[in-house]
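Asker: Feature list, courtesy of Swiss-Prot:
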type: MOD_RES; residues: K62; note: N6-(pyridoxal phosphate)lysine
type: ACT_SITE; residues: H66; note: active site
type: BINDING; residues: G115, E116, F117, G118; note: pyridoxal 5'-phosphate binding site
type: MOTIF; residues: 195-199; note: motif 'CCCFC'
Amino acid sequence: MSTDKITFLLNWQPTPYHIPIFLAQTKGYFKEQGLDIAILEPTNPSDVTELIGSGKVDMGLKAMIHTLAAKARGFPVTSVASLLDEPFTGVLYLKGSGITEDFQSLKGKKIGYVGEFGKIQIDELTKHYGMKPEDYTAVRCGMNVAKYIIEDKIDAGIGIECMQQVELEEYLAKQGRPASDAKMLRIDKLACLGCCCFCTVLYICNDEFLKKNPEKVRKFLKAIKKATDYVLADPVKAWKEYIDFKPQLNNDLSYKQYQRCYAYFSSSLYNVHRDWKKVTGYGKRLAILPPDYVSNYTNEYLSWPEPEEVSDPLEAQRLMAIHQEKCRQEGTFKRLALPA
């Protein structure tokens, strides 16, 4: 880029889980590191990796599966840190829609997806469960999966527990229906992945920018770590500061989404090696990565100790599901303490 300003592209319009990035800006943490950051919003979320990979933008956010696929398609990007770790992701639907926990109940239904790789996931899952392409209708929804379910444009769609599922729960509450009528068929279980890490939201860099500016990236991540620590230490105070800067998020839905995102925030920012191995394997299974593909992530720009990975990731997922259900019922800010 021809400017000293670092450009950073969000993966979507500002959401509750973008709070560390904006607070690093408003609280002066970037400035403390001698950085000038321009935070940008995409018109189309599908453009993010292409814009960063082509060098039009320096850094940004994207899910793990998209980060892997971007480099495989000739857009050189690398993950340097994690923002949101393993949010539960799956096929969302409403009770009474004719869909059940039996995946084959999706036969004859309209299934929504965000972008290209969501369609690939649906096709692979339906094939795995003995369905043909003509047995369902795939509908590209962008980030409007919950909206399309509510408007009956689709019967089900791929979404995240702490975002689109909360949106469905809020809709149900206004209809006088229990929030538990919002259901999810988790993709990690359907696809036998053992983790929801393919939708881990990452801080990514253009490779050339990373090569030329290693110290700037280190300083950027120091500022992000300080902001993340601030959010985790006092989430209510942090939220008040965030909505003062982003008043469009000052509503019940956004606050509840923030509560549900809280347990997923990566406190260390470290890329989890085991998750990358699993998702790289999943990408090869989906045929979006070549057989010899090498994962494009690094932790070398994080200047604090790396935590130990959990010894039993399946048990961690089970406990997180219980934790998130309790959060839904009680509306509290709590982190899940997992054994190493």
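Even glycines carry a Cβ here, placed using N, Cα and C.
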Asker: Across the motif 'CCCFC' (195-199), what does the mean pLDDT come to, as a whole number?
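Answerer: Within the motif 'CCCFC' (195-199), the model's average pLDDT equals 77.
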Asker: DSSP secondary structure for K62 (N6-(pyridoxal phosphate)lysine), reduced to helix/strand/coil, please.
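Answerer: Looking at the DSSP assignment, K62 (N6-(pyridoxal phosphate)lysine) belongs to a strand.
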Asker: Suppose we draw a 10 Å sphere around the Cβ of F117 (pyridoxal 5'-phosphate binding site). How many other Cβ atoms does it contain, all chains included?
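Answerer: I count 20 other Cβ atoms within 10 Å of it.
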Asker: Taking every protein chain in this structure into account, which of the binding-site residues G115, G118 has the most other Cβ atoms within 10 Å of its Cβ?
Answerer: G118
Asker: For E116 (pyridoxal 5'-phosphate binding site), just count the other CB atoms lying within 10 A of its CB, please.
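Answerer: For E116 (pyridoxal 5'-phosphate binding site), the count of other Cβ atoms within 10 Å is 13.
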Asker: Cα of G118 (pyridoxal 5'-phosphate binding site) to Cα of H66 (active site): how many Å, rounded?
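Answerer: Cα to Cα, G118 (pyridoxal 5'-phosphate binding site) and H66 (active site) are separated by 10 Å.
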Asker: What are the helix, strand and coil residue counts for the motif 'CCCFC' (195-199) according to DSSP?
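Answerer: Counting residues per DSSP class in the motif 'CCCFC' (195-199), I get 3 helix, 0 strand, 2 coil.
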Asker: Rounded to an integer, what is the Cα-Cα distance in Å between E116 (pyridoxal 5'-phosphate binding site) and H66 (active site)?
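Answerer: Taking the Cα atoms only, E116 (pyridoxal 5'-phosphate binding site) lies 10 Å from H66 (active site).
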Asker: If you measure G115 (pyridoxal 5'-phosphate binding site) to the residue listed as 'active site' at Cα, how many Å is it?
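Answerer: Checking the Cα atoms of G115 (pyridoxal 5'-phosphate binding site) and the residue listed as 'active site' gives a distance of 10 Å.
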Asker: Taking the Cβ of the residue listed as 'N6-(pyridoxal phosphate)lysine' as centre, how many other Cβ atoms lie within 10 Å?
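Answerer: So the Cβ neighbour count for the residue listed as 'N6-(pyridoxal phosphate)lysine' comes to 23.
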